[in-house]
Protein chains: 2
Amino acid sequence: MTTIYNFSAGPAVLPKEVLRQAASEMLDWQGSGMSVMEMSHRGPEFISIYRTAERDLRELLGVPDNYRILFMQGGGLSQNAVIPLNLVGRVQSNGQPATIDFVRTGSWSGKSIKEAARYANVNVAASAEANGYTAVPPQSAWQLTPGAAYLHLCTNETIDGVEIDFVPEVPGDVPIVADMSSHILSRAVDVSKYGLIFGGAQKNIGPAGVTVVIVRDDLIGHALPICPSAFDFKNVAENESMYNTPPTYGIYIAGLVFRWLKEQGGIAAMERKNIEKARLLYAALDADDFYQNRVAPAYRSRMNVPFYLRDESKNEAFLAGAKARGLLQLKGHKSVGGMRASIYNAMPIEGVQALVDYLNEFAER
Amino acid sequence: MTTIYNFSAGPAVLPKEVLRQAASEMLDWQGSGMSVMEMSHRGPEFISIYRTAERDLRELLGVPDNYRILFMQGGGLSQNAVIPLNLVGRVQSNGQPATIDFVRTGSWSGKSIKEAARYANVNVAASAEANGYTAVPPQSAWQLTPGAAYLHLCTNETIDGVEIDFVPEVPGDVPIVADMSSHILSRAVDVSKYGLIFGGAQKNIGPAGVTVVIVRDDLIGHALPICPSAFDFKNVAENESMYNTPPTYGIYIAGLVFRWLKEQGGIAAMERKNIEKARLLYAALDADDFYQNRVAPAYRSRMNVPFYLRDESKNEAFLAGAKARGLLQLKGHKSVGGMRASIYNAMPIEGVQALVDYLNEFAER
């Protein structure tokens, strides 16, 4: 049977070991007689699952004690509203609408700008639109707002394949909010440099429907009155993500992924593998004029690798041939076309090698 | 081995057949080489899962063509905000804040009132507070508001065990919004009498993290500007619940539950079983002075049966003895104490019989 390698941008490939364990205890979690799906979120079994997941994630990312980890519903797009609803009130005491700074590096930061404009003034401090989202604008050109509610960055643009690998200098105490949805847990990160980090689970964490929010204590407790109570960070934080019923099964799978990451050697070990996987794939794309990745090398994402066939009339043949070899979900996002290989933590190097082999063979044909 | 019966109020028991199938295809859904968790929500595999689930639910509940079925994130508590954010704009054209009518029949309608007050005037048209939430106030006493945005009812109060088994007469074209979270799919319902029906999945539908919203076409498209775009019914409806990434695995499990319900004979067959289960349990509670259910018989829920031991000093012994027999999660909600047996669709009559046997034996001891 063909080995399947799934390059979906999300929901995405999960570690086989995690899926095997989930299957084996689907009807009876550790002798409880219940599926995790059937457990009260307030019972001792699920509480232990939750706390283990929280502790493992804290350990993996080195989350300081003055940050809360929240497991929320809604996804990344809803966080684009939930975050301003929670954070702009902190700087709004004079009755003037707050300002949020954005650096526009692609599709997702664009969506964030549009959503935040419902709740605050938005200032696009810099935009990569002019270069077609192929490079992050130099920091020296960012027009930041003194006293802004926060600076929002999408540190990995899933669609455009642009990754920000530095932490910018921000004057004053303006917190940085980072949408790390598509590269969280793929590389070391100094959490203490950020006010808030968030990520939809469906790339590097687990199934769709869980969103992880890591937020500094002092940013909690400023929700606007129009913020739905289920999305008020204060309610979520004070109730261990159980102010309302959390997505329990998704949290359980996320917890299995966290344990798998620890068994793999943690973030440092994953980052080494991810560097190698990305090197291998970009080298193959650059080596052959048949393919093109348009992102400047310094900003190329290690996780999401969009590329184009110079002769786009061969797209369908390329995808059909890939599928026949078990290389799945390589079609690019509908908004940009072309191809995209997402090579998250759970994608083994053998999968990248199989893709590279296919890239070479298809170009030769 | 002891047979386990799980009386959790939610997340709650699921059909064993559903869990078995989910386990068996966890690593490879129908030869696709992927887990359902790993599929792009925009790929043909998941689209087919989604459409089958939607069609089966439509068939089970007899949802008319002029209603959309949305599968959303956020849960019941967040719908308490999302619904006013979507519906009050329809009647707000004169710039005056809209009014929402509520009938307060217990804890959940109370929460809905509190949440809606962020976005509209709320009018408590009737309240069962004076009778301790043991009966629905008679319709003749409801003080409804002409031109209200809608009338909100919680047709089954999970904590208080009160069920509304009639559709009220509402003057004018004021739509009825029904929170059916804990009894959806347990009984026949004439969807056409409602403007909107919603339910968190984690009782009778599937795992926590999915919320089903059934909404009449003319109520879509009136979201307030402050409504997050991911929760705007128009965006969700126009994109088959895929405006943002939906909780794909939860929708898949819900789909398996819908198919199971069809195999069981549909809602009519389930309702017959549910009537019998409830009859059996309430008869046991009423027969022995040792136990007490405080709800007036006409309003007793078929799904959630709260009860008290007259001698509450025996609570711990009761729960310990139940657990030893495999009768799990019988502790009442922390806000009301006592016991609660939730006997959803997936609870077989054998489970209710086992509980009744234990009730009798414990009382005799």
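Keep in mind that glycine also has a Cβ here, set from the backbone N, Cα and C atoms.
Nobody curates TrEMBL annotations by hand; they come from automatic prediction.
Matching A:Thr134, A:Thr158 to the pyridoxal 5'-phosphate binding residues that TrEMBL gives (A:Trp108, A:Asp179, A:Gln202, A:Asn244, A:Thr245) identifies A:Thr158.
A:Lys203 (N6-(pyridoxal phosphate)lysine) has a Cβ environment of 31 other Cβ atoms inside 10 Å.
In the predicted model, the domain 'Aminotransferase class V' (A:4-355) shows an average pLDDT of 96. Contacting chain B by the Cβ rule (under 8 Å between Cβ atoms), the recorded positions A:Thr158, A:Asp179, A:Gln202, A:Lys203, A:Asn244, A:Thr245 reduce to A:Gln202, A:Asn244, A:Thr245. Counting only the Cα atoms, the space from A:Thr245 (pyridoxal 5'-phosphate binding site) to A:Arg42 (L-glutamate binding site) is about 9 angstrom. Recorded residues A:Trp108 (pyridoxal 5'-phosphate binding site) and A:Arg42 (L-glutamate binding site) have their alpha carbons 35 Å apart, per Cα-Cα distance. Overall, the recorded pyridoxal 5'-phosphate-binding residues A:Trp108, A:Thr158, A:Asp179, A:Gln202, A:Asn244, A:Thr245 cover a maximum inter-Cα distance of 30 Å.
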